[in-house]
Structures are given as C-alpha cells and as structure tokens.
Amino acid sequence: MLNYVIKRLLGLIPTLFIVSVLVFLFVHMLPGDPARLIAGPEADAQVIELVRQQLGLDQPLYHQFWHYISNAVQGDLGLSMVSRRPVADEIASRFMPTLWLTITSMVWAVIFGMAAGIIAAVWRNRWPDRLSMTIAVSGISFPAFALGMLLIQVFSVELGWLPTVGADSWQHYILPSLTLGAAVAAVMARFTRASFVDVLSEDYMRTARAKGVSETWVVLKHGLRNAMIPVVTMMGLQFGFLLGGSIVVEKVFNWPGLGRLLVDSVEMRDYPVIQAEILLFSLEFILINLVVDVLYAAINPAIRYK
C-alpha cells in the first residue's frame, strides 16, 4: 500500500506540469489586456506600456513561462497583478471559507443522500422510493444559481431569517451550503439506491435474514458495508467537484472564497492568481482521488494495491 501511495504521489509531478503548461497558455489566450484593465480606462498608451513593463508582460512568452515555472518550483506563486500581494497570501485568506463551505455542504448532502437512497432501495417501487427519486431528480435538474436566488428571496428578503453576505457565523453557511449540496445530495441518493438494490439481492443478505437477523441490522451491517465501495467513489468525486466548483454559488452569495477570487481574477486578467488557483484545484482533485483509492482497501479488505 505504501509503495502504491508513493507512486501516485510521484505521478503528481508530470500531471501538475502538464496542467501548468495548459493553464499558462489558456490565460494568455484570454481576450483583454491586464495592463489596460489595471491602468484604467483613462490611461494613455504610455501609461499602459509602463504597467506592462512593471508586470513583465512585455517579455517574450517563453521567458514569462520559464519565470513562472522556476518560481513555482521554489514555492513562489508570484504577485497578484491587481493587489500586488503575494498570490499565496491571497489564496490563503480565501481558502478556509471555501473549505468550510465545502465540508458543510458535503456532510449534509452525504447524510441526506445516503439515507434517501437506502430508504428508496429498501422500499423499492413503493411511495418512499418514488418520493425520494422525485426529490433527487428535482435536485439535479434545478440550477444552482436559480436555487440560490430562490433561497435568498424566501429566507432572507421575505422572511428575514438568514443573512446572505459574509462568512462570519454559522448562519451564513446555511443558504450557500444548501445551494451547493443540493445536486450532490441528489446524485448520492440515486447512486446509493442503485448500489443498494444490487446488494439487497445477494446471497449473504438472504442468509442473514434466514438466521433471524433483524431487517435493520441486515441493511446497516451487511448491506451498507458492501454497498459503500461505489458510493465512496462518488463521494470523492463530488467532494472534488464541490471544492473546485463552488464558483457559481460563491458569486451568487458574494462568498469570500476561492471561487469568487477566481471570478474576480478572470475579470481583471490576473494571470498569477488564475494559474495558482487552477493548479491548486487540480492538486486537490488528485489527492482526493488518492484518498478514495486508499479507502477502498479499508472498506473492502479483498482490495489490495501493489
């Protein structure tokens, strides 16, 4: 297992290098001139050229790329073109709100989704199954931005129960986490149901029932463990998507996180911040998938990695 983990970690190096090359080319193909945006609409050509020199944008593209890669290897992600602060500081100040929002969304989505999926599988083709799957389809179909605006209108504007802006207290997390986790809960419900339907028909489930074990214990002890392997895969993928895909939700709720920072950076063509954020999202996604693979062996001892 240790050798497998080490090999996967070493595989990060070429993957992140390829991602860094693609991201560098992508951001430099974005329409718009960062120097013009930073200098302002009233700046003349001389001022814009001076800003370009200060930002290093007057250098050849290959020289900019080498400067970017060599600094990144040393842990220096550069300076933000807009704030002139270190990119690492910009990301660090926004990371925790996004992480806590992701964890909050994932926790309730997994609990609700798995419970709905198990109930739907146990009472298959009956009203609990139909109700759970109807809610799940609705959760997948409803766009996140529309759900967010609906929740704001009802619970903040009309009822005045919950705040909409900021991340200072636990109340601020309720509406964004509901919005962000709705689709995940729906996916988890459908995936858990499909996995449990297969497990419930296995011989060991019938054997446990024949021994007089209660149905609740059969489902939770014998069914849950064996149905968890494909579900854990989906959990890992969804967590990665949540961590890097909260851009729309953070924009709707004006959330002070990485998604909002990325949107602002794209609008201002802040190349160093864009590059660093996408690299960070790629690293997070790869590490989450590694953790999921390791969890396979913990859930099912029959699985071993070499």
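Cβ atoms are placed via backbone N, Cα and C, with glycine included.
These numbers come from a predicted model, not from an experiment.
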Item checked: In Swiss-Prot, Thr216 and Gly259 sharing a membrane side -> no
Item checked: Structural state census, the topological domain 'Cytoplasmic' (124-134) (DSSP three-state) -> 8 helix, 0 strand, 3 coil
Next item on the list: List the helix, strand and coil residue totals of the topological domain 'Periplasmic' (30-102) as derived from DSSP.
Entry: 46 helix, 2 strand, 25 coil
